[in-house]
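One structure is given below, encoded as structure tokens.
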Amino acid sequence: MELVKLEFQYTDDVTVINREQFDVHMRLYEGYINKINEIDKLLMKEPDLEGANSTYSKFRGLKRGETYALDGVILHEFYFENIGGYETQPDDMIKRALDRDFGSYDKWKKNFVATAKASRGWAILCFDPRSNRYRNISLDAHDVGNVQISIPLIVLDMYEHAYFLQYADNKAEYINKFMNNIDWEVIKARFESCL
Ligand SMILES: [Fe+2]
């Protein structure tokens, strides 16, 4: 079954990036949707399994593209959903959870900002059910650095395409704007889904 693009409209609630930056980003997201659908079709119709080779093969190309495109779709949807909000604050349930695993909400925040600065792809607060812990993880690409079965809770795109048009090389300003405008209502629903 084909993946269908979710509709994200630019509104005044999207306070982290301007419309131009948003539109560019949305086109990239559409590109990942198109590519995963193209790859899935090719995987369905007799891919060259016999020629599979880890140095180079068409099948390897499809397998590399499959997780890159699909994780690109999933992470962008989480990101677009959580970049609204007007300087609201997380509620006590979220703060207690972050206190438990990071020492305090402020310590989590500092750690997340550092994680974002250290990332070439994504910074993610996730819940890892295997160790029953919240973790800030750093991805260098959509499918490089993920923790299996972890659930994304806060997702920040740190690819240069996410901010460079608007913020140029001022990565810190982009991260700061994101931290101050996280949509905590969306995040709360994600926290509750893994309780
Ligand atoms: Fe992106």
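Backbone N, Cα and C define each Cβ position, glycine as well.
Feature annotation from TrEMBL assigns Mn(2+) binding site to H25, H76, D157, H161. Under the heading domain 'Manganese/iron superoxide dismutase C-terminal', TrEMBL lists 92-190.
Features as recorded by TrEMBL, highlighted on the structure.
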{"residue": "H25", "record": "Mn(2+) binding site", "Cβ neighbours (10 Å)": "22"}
{"residue": "H76", "record": "Mn(2+) binding site", "Cβ neighbours (10 Å)": "24"}
{"residue": "D157", "record": "Mn(2+) binding site", "Cβ neighbours (10 Å)": "27"}
{"residue": "H161", "record": "Mn(2+) binding site", "Cβ neighbours (10 Å)": "12"}
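Counting residues of the domain 'Manganese/iron superoxide dismutase C-terminal' (92-190) by DSSP class, helix then strand then coil, yields 48 helix, 23 strand, 28 coil. On the 0 to 100 pLDDT scale, the domain 'Manganese/iron superoxide dismutase C-terminal' (92-190) averages 97 in this prediction. Neighbouring residues of the recorded Mn(2+) site, listed in sequence order and excluding H25, H76, D157, H161, comprise L28, Y29, Y79, Y159, A162 (Cβ within 8 Å of the Cβ centroid).
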